[in-house]
């Protein structure tokens, strides 16, 4: 059987109004992913106003309006296919959403398309988004220098902006091999989106669509320690206890000895895997990305709850006593100060957490500490902080197990901040092997 094409999640990033949604919309349009009936309606509308050449702009506006009214023609979640890849465009345009979804999005992005307007060049959010992409471990970047029509498709201006962007990407730690392509284009007119533009004969690199085809699928983190955040614990007649969850890292086989932490048992729930199923079919080995149910001997349904994490007994998950984290503040009605106690969301867990120390404000564009021990943190600021979970929770250092090192902080029904765990002080747990 031919192997299915790899799935790659791509996030579109860049400064507000540099054309992220137009670029995604144009990609859909040129690939025939926008229903003809939708186009027809808009053509009629455009004719009425004598602006037939603006059909595409109308299309985008129409979708924006429909989004505002809550209709589901959402550019945000686009699926498309290239000769080698299935691409899911994970993210909606919009700064706040982007920042939030980098962390809480159902799927972590594997690659990013950085959209930069040729007339404006690198702006504040260009920089901030690029830093966030780097922080969250995105290591493939396509740069699309948009609005070349605004600078008369001038090669000199393209080279200037290209150099600005490359300088920024190198400064924050990207290397040449992380940068797939730097493409001049004008997504409004479809230049170098899917079709090669005839307005820039001086450019002979890939189009955006071709660059998406060049992306490599992420390596499955099979060599990392086993971690399965638990979604549910069931008791099934004739089988016994069944745990369900998505394998984030490592691999699981029948016969493996596992421990589930923090669990209702003070020293963790220990058991042996009897069998594994995915989509009602038995599995000999579960790998990262697999959503599985596995039956265990020695663990009762009541020992385990959603938010606990299963690992191998000889390499147990880390239950955190304290966490030193790098956070980006997204929203707060006033400011975050020491003593603030919102809710930490990580993998399938959410627990109350307290801000113990604000160690230093960080420049979100460079990662440099700009103020030691600040009094308060406001939206738009980044900082290194010390957090204390007020209930037991598993979280891992981002540089060791990134899948369990990203988190969001929520309060009042909103995402207050997102972050990564830099250091985790483990709770002392006596594990009886």
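Backbone N, Cα and C atoms are what each Cβ position is placed from, and that goes for glycine too.
Listed features, source Swiss-Prot:
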- 14-21, 91-95, 146-149: GTP binding site (BINDING)
- 21: Mg(2+) binding site (BINDING)
- 5-220: domain 'tr-type G' (DOMAIN)
- 14-21: region 'G1' (REGION)
- 70-74: region 'G2' (REGION)
- 91-94: region 'G3' (REGION)
- 146-149: region 'G4' (REGION)
(request) Count the residues of the region 'G1' (14-21) that DSSP assigns to helix (H, G, I), to strand (E, B) and to coil, and report the three numbers in that order. (result) 2 helix, 1 strand, 5 coil
(message) Can you tell me which parts of the same chain pack against the region 'G4' (146-149), counting only residues 6+ beyond its ends and a CB-CB cutoff under 8 A?
(response) 18-19, 22-23, 115-120, 157-158, 184-189, 191, 199-200
(request) Determine, to the nearest whole angstrom, how far the Cα atom of residue 14 (GTP binding site) is from the Cα atom of the residue listed as 'Mg(2+) binding site'. (result) 11
(message) Is it possible to list how many residues within the region 'G4' (146-149) are helical, extended or coil according to DSSP?
(response) 2 helix, 1 strand, 1 coil
(message) In whole Å, how far does the CA atom of the residue listed as 'Mg(2+) binding site' lie from that of residue 148 (GTP binding site)?
(response) 16
(message) What's the number of neighbouring CB atoms sitting within 10 A of the CB on residue 148 (GTP binding site)?
(response) 28
(message) Counting across all protein chains present, how many other Cβ atoms fall within 10 Å of the Cβ of residue 20 (GTP binding site)?
(response) 27
(request) Can you check how the pLDDT averages out over the region 'G1' (14-21)? (result) 78
(message) Using Cβ atoms only, which residues of the same chain lie under 8 Å from residue 17 (GTP binding site) while being at least 6 residues apart in sequence?
(response) 117
(request) Based on Cβ atoms within 10 Å, give me the single least packed residue among the binding-site residues 14, 21. (result) 21
